[in-house]
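**Student:** So TrEMBL has the following annotated:
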- A:7-20: compositional bias 'Basic and acidic residues' (COMPBIAS)
- A:27-530: domain 'Cytochrome oxidase subunit I profile' (DOMAIN)
- A:1-20: region 'Disordered' (REGION)
- A:39-60: transmembrane segment (TRANSMEM)
- A:80-102: transmembrane segment (TRANSMEM)
- A:122-140: transmembrane segment (TRANSMEM)
- A:160-189: transmembrane segment (TRANSMEM)
- A:201-228: transmembrane segment (TRANSMEM)
- A:248-272: transmembrane segment (TRANSMEM)
- A:284-308: transmembrane segment (TRANSMEM)
- A:320-341: transmembrane segment (TRANSMEM)
- A:353-378: transmembrane segment (TRANSMEM)
- A:390-414: transmembrane segment (TRANSMEM)
- A:426-447: transmembrane segment (TRANSMEM)
- A:467-490: transmembrane segment (TRANSMEM)
Amino acid sequence: MSTASHTTDHATDHDHDHGPARGLSRWLLTTNHKDIGTLYLLFSLLMFFIGGAMALVIRAELFQPGLQIVDPYFFNQMTTLHALVMIFGAVMPAFVGLANWLLPMMVGAPDMALPRMNNWSFWIMPFAFTLLLSTLFMPGGGPAGGWTLYPPLVLQTGSAFPFVILAIHMMGASSIMGAINIIATILNLRAPGMTLMKMPLFVWTWLITAFLLIAVMPVLAGTVTMLLTDKFFGTSFFSAAGGGDPVMFQHIFWFFGHPEVYIMILPAFGVISQIIPTFARKPLFGYASMVYATASIAFLSFIVWAHHMFTVGMPLAGELFFMYATMLIAVPTGVKVFNWVSTMWRGAMTFETPMLFAIAFVILFTIGGFSGLMLAIAPADFQYQDTYFVVAHFHYVLVPGAVFSIMAAAYYWLPKWTGHMYNEKLGKLHFWLSVIGVNVLFFPQHFLGLAGMPRRIPDYALQFTEFNMVSTVGAFLFGFSQLFFLYNVIQTIRGGAKATDQVWEGAEGLEWTLSSPPPYHTFTTAPEIK
Amino acid sequence: MATSRIAHGGGIALGAALSLAWSVGAHADLTLNMPQGVTAISHDVYHLHMLIFWICVVIGVVVFGVMFWSIYHHRKSRGAVPAQFHESTLVEVLWTIVPMMILIGMAVPATGTLVRMYDARDAELTIKVTGYQWRWQYDYLDDGVKFFSTLSTPQAQIRNLAPKGEHYLLEVDHPLVLPVGKKVRILTTAADVIHSWWVPELGWKKDAIPGFINEVWTQIEKPGIYRGQCAELCGRDHGFMPIVVKALPEAEFRQWLEQMKKDSTSQTAQNDSRAPIVPGGQTL
Amino acid sequence: MVETREAGLAAANRRMVRRLLLVTAAMFGFGFALVPLYDVLCQVTGLNGKTSGRVAVVEPMKVDESRTVTVEFVASLNLGAPWEFAPQVTRMQVHPGQFYQTHFWAKNLTNQPMTGQAIPSISPGLAASHFQKIECFCFNHQRFQAGEGRQMPVTFRIDPELPPDVRTVTLSYTFFQN
């Protein structure tokens, strides 16, 4: 892997000596990758709490059988918006934020390739989400047909419908611009000597993710546009009455949707591949195979979409194809997990908060992978499909998977970004509460699904009571322990022990050659990579 | 020192979480697992599920075992000195090929089960199941018997104004009656949005899609009452359109069917798909 | 020196953005191209039991007297359609290759003229491409006067190439009101 010589002057370069502008206009007009990274990360944190509050409404209603707190229609709005907010508002922007902060510093570039576009792609997001959340107050309420927007149900949405579609278009445009920017940065702005196979894995996984984004976000845009014309302009893409087919929507949606799943997990793989070697004080095992595994996962993601719809009644050959293709994903994913374990093997490990989150990621993501493998088995999926087993599965890969990796990244790079060490004790407390909370929350949901509880229901039969109660307790524990994270982040931004430039003993990569915090403009002259 | 305490604490916490889950499972009459079901197919599916589950458990124990061993022994606080190796073609090839073999081992029985599930030949009875917002309609095509099946749990129980009955939310006014030991073909479709017809004891679910027809079959081995629910989000009362299947011995089934035929000729309204459908058949 | 490198970089970025936007536009188009692609796929594989909405080309076929296939007729009404709609017979035994005719009964139960269309679906899906219709009420919108009811014909044959393990074919019509 790459090592940099300290040729860069830590002080701000002479021909770019202006610092940040003052006041609000700094944030509104900024084209600085660090500022935009910060904006993305803070926005994502806000969305994480909004989406989390929705999840707590869901879990509170499900604490006991019977309808206690919300009306079933509002419950459906909560499940729908929880998903949209968490996917498009929390997880994706968090990774884009990390990309903004880190990619230029990791490849030795002065900034992102297209700084003005960077500003637009961020500032679309607050508008998109204000629009999306405002639909809750519209006549007929917000979207309640699930985030998958299946017609004909989604066409029963009230006056919120066109606004939801518009919000999705805006999020899509933002993601596409972000992805273009990332690809241009990685391919055009690498410092001399930084060959592709010397790039840190976080850069690699983001490069592949960005290609996935520009391949599938336009497909999502296309299909939601078809929904719009079906509803308002008399087309019948998805209505059997006019010769269309509602199942076709599912095919097109999941053609986007499955790569989307990997869009949310590949950068997480990158983060974990940065953190584990640091705290094992040993180089990443199988760097090249990590890159190839990521690329194969990305490729496979385009040919497995119909495993989300095994029960729609496909011909036998179709079911078999999608079953085999889906099972294949286990191979590159397994390679990654084995590589992480081998990186730890015979290292000299310490367990600071980022490492704790990374280890929890490896274990809990793998559990999510196991249930994914079970779900890939089409005949068994006829039982699992649309039950809490699926809910448990994708939450295991998304919460202790994607979200834990984001938290690991936050703790790992926060000292670099702010120049202050976070509170380690508080970080560990946050970790242990989160890891216990998340398991109490989602593990019982496996049992619920196997015992026959469908997902997306506001009320349930009596035999599901105990596990739902346990799950709800876990949800509140997990939810409220995130306040420690919030507090810790705020305290670290405001002050705290001074962080060294190296921060972590075993950390390697260009970003650690910069001061903590790095100057407003970095690498205005490219570093030399040996 | 500090790190060992942490690793230790982790073990305790994880153990506590698991034992909590298990102790809750132990004393209530709780189902932790998929039902074995009452058809040959549901047995196959159950065994397939358990097979994959145990394979995953074994892989998990090995991988996490290695990892925890490493976490325990290769700690800086124990004076571990990091090795510098970072690749090994042999192990990398091995851990690509071995999982491949395991996957093939899983795919073979899965394919067999799937092929059997798709073989709907020589069914002796065909029933059309139509999903509505929010109830089911059953149509015995050859006998002209057709009726709606709606949730029968009283509103008071849902609203927590009355104690909940044993089959809370899993009870209907008119269950689907099926003969035991006969191969029954079920055609699913829907009249408004997509629904999904699912009885876990039968081993599968099938989407009911407006304008399209799907076929699936079952052959119940044991008389009894089997309960399920709509499994595809279908609007406000998605959680309130259960399915109840009453499996009767052949002779009793015939008797029931004759009775239904007589009834349906006297009250045509039951037989008519126009039977007034109040959107949201039950208002919550 | 630095100037030219920066200018070169700006040009490279522009080129990259142009290319990636092209990919984006192409993928947006691809989303729409999936619609006809899906129809082709349905016709080839019988995915979802869609049948062609057109009159089949009548080519003489050898009637396979040795084989009997059961054809089931199913009628459904989409919600809110105030109609009566039912097949004349629920099942027929047919020989592949031979033409048969049956009727579906439909009646407008309102006191206004109404139009509707019947949408076919065939199960198993694999049989869809082997089910040929030369006359079908489902090809067109059907207009009914207030209270009018009539028998609507469908003339069909089963292609002898129908996979041998298919013994029952279900022809389902769902009546949608326009």
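The backbone N, Cα and C atoms fix where each Cβ goes, glycine too.
Just so you know, TrEMBL annotations never went through curation; they're auto-generated.
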**Student:** Sort out the residues at least 6 away from either end of the transmembrane segment (A:426-447), same chain, that have Cβ-Cβ distances under 8 Å to it, and list them.
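**Tutor:** For the transmembrane segment (A:426-447), the sequence-distant neighbours (Cβ-Cβ under 8 Å, at least 6 residues beyond its ends) are 59, 352-353, 356-357, 360, 364, 371, 388-389, 391-393, 395-396, 399-400, 404, 407, 411, 467-468, 470-471, 473-475, 477-479, 481-482, 484-485, 487-488.
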**Student:** Below 8 Å between Cβ atoms, which of the listed ranges A:160-189, A:248-272, A:353-378, A:390-414 makes the most pairs with the transmembrane segment (A:122-140)?
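**Tutor:** Highest pair count goes to A:160-189.
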**Student:** Please work out whether the transmembrane segment (A:201-228) lies in contact with the transmembrane segment (A:390-414), by counting C-beta pairs under 8 angstroms that are 6 or more apart in sequence and asking whether there are at least 3.
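**Tutor:** Since fewer than 3 Cβ pairs under 8 Å link them, the transmembrane segment (A:201-228) and the transmembrane segment (A:390-414) do not come into contact.
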**Student:** Which bits of the chain, at least 6 residues beyond where the transmembrane segment (A:160-189) starts or stops, bring a Cβ under 8 A of a Cβ in it?
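**Tutor:** Contacts of the transmembrane segment (A:160-189) (Cβ under 8 Å, skipping residues fewer than 6 from its ends): 84, 88-89, 92, 96, 99, 103-104, 107, 109-110, 112-114, 117-118, 120-122, 124-125, 127-129, 131-132, 134-135, 138, 140-143, 154, 199, 203, 206-207, 209-211, 213-214, 217-218, 220-221, 224-225, 227-228, 231-232.
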**Student:** Let me know the model's mean pLDDT on the domain 'Cytochrome oxidase subunit I profile' (A:27-530).
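**Tutor:** Mean pLDDT across the domain 'Cytochrome oxidase subunit I profile' (A:27-530) comes out at 95.
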